[in-house]
Amino acid sequence: MTKHFDTLIVNIGQLLTMEGDGPAKGERMKTLPVLEHAAVGIKDGKIAFIGKNEETKNFHADRMINASGKLVSPGLVDPHTHLVFGGSREHELVLKQQGVSYLEILKRGGGILSTVQATRKASEEELFEKAKFHLDRMLSYGVTTVEAKSGYGLDEDTELKQLRVIKRLQNEHPVDLVSTFLGAHAIPPEYKNNPDDFLVRMLNLLDIIQKEELAEFVDIFCETDVFTIEQSRMFLQAAEAKGFNVKIHADEIDSLGGTELAVELGAVSGDHLVGASAAGIERLAGSDTIAVLLPGTSFYLGKEKYARARDMIEAGVAVALATDFNPGSSPTENLQLMMSFAALKLKMTPEEIWHAVTVNAAYAINRGEEAGRIALGRKADIVIWDATNYAYIPYHYGVNHVKTVLKKGKVVVERGRNDATISVS
Ligand code: IZC
Ligand code: ZN
């Protein structure tokens, strides 16, 4: 039998296919589907062969890539980022050192509100260039699907400007983007005394967002001094009534019961969940809501307390990991670093961590049937790593282990350089 492929990756030491149905929970999170001495064939941007290296003897390909015994995985998925924003907030680092908390900085008109000022001032072109810079960096770290939120406008024009930047990136950038409207990210000062009116104003944007297909998810920051449980329920129910899927920033700093609310609303994901109660974890386990954990945020806010990933996994919750990339509480594009934090701070095993940045992350943004797995017929989003086994990636921390990234079968990154024209033969 002779077979012809556009690209054939041979001599794969460990191939993580991540095969399996639905999100990974319970026992399935504890083992990984690994194929050793493997090869992957790609045709028309899709996976056309998965098998043993020795099966490829009579295969032909326009481009052969020798993985030299290294680890190969699906492209990583980052299911929670605030990708599009103006400015930066390095001045807050000193405030934090002086003991001023994240919520106190916000109360003083800084934090999210300072990024809102910078984002309102920036042109759409400036926001596009800046977001593209960060997205290129995510791709260079092996991330091929990214969720991106608005939320630094808190007015009609700027929220739409952010969403249009995401839409333009969807059309022009190799990374697949999933867009989320986070108009309910903070209370603008002019609505300090009537936040409900502000939420109504943001809800009034949903028609145009829907008409122009600018977002598929709606999210809210449910937190002390931001939006209450009741406001979050009202806001997200209204979004669901319009046909949007919902997500929620829940129990990030204080335990308000956002975890339970995520389940009650049938949210696709509940995010942060640091303060999730035992009852909240039980309810999550009995639901289809994915727990998106953001250990980089706990780290960067200098918290002792991290999300209770162990309790969640033992209870049967489908856990995913994300960077929470944003200019305040997690200024990093590096999802590999989150894998190390998950090992060290969330006590997740390497097997659990890989599920959390591939399959489960894809399900957290409704892309479970498209991304996060290497399977026949799927988009060939693939990472070749500078490591021979999967446990090495969370272990050797803080650096970029990517050797090659293929997006829809095309080499888009080679040794940390994004360049679709690089030859790797
Ligand atoms: O800009 O601080 N937590 N939103 C909720 C954020 C962090 C982003 C920010
Ligand atoms: Zn966030």
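Start at 1 and count along the chain as shown; that gives each residue its number.
Backbone N, Cα and C define each Cβ position, glycine as well.
TrEMBL lists Tyr152, His185, Glu252, Ser329 as 4-imidazolone-5-propanoate-binding residues, and of the candidates Arg63, Arg89, Arg378, Arg415 the one it assigns to that same site is Arg89. Listed by TrEMBL as binding Fe(3+) are His80, His82, Asp324; the candidate from His4, His249, His396, His401 that the record includes in that site is His249.
Taken in sequence order, the binding-site residues His82, Arg89, Asn326, Gly328, Ser329 that lie near ligand 1, meaning a CB under 6 Å from one of its atoms, are His82, Asn326, Gly328, Ser329.
Nearest in space to Gly328 (N-formimidoyl-L-glutamate binding site), taking C-alpha to C-alpha distance over the binding-site residues Arg89, Tyr152, Glu252, is Arg89.
Across the residues the record lists as binding N-formimidoyl-L-glutamate (Tyr152, Asn326, Gly328), the two Cα atoms farthest apart are 12 Å from each other.
Asn326 (N-formimidoyl-L-glutamate binding site) falls within a strand segment according to DSSP.
Ranked by CA distance from Ser329 (4-imidazolone-5-propanoate binding site), the binding-site residues His80, His82, His249 have His82 at the top as the closest.
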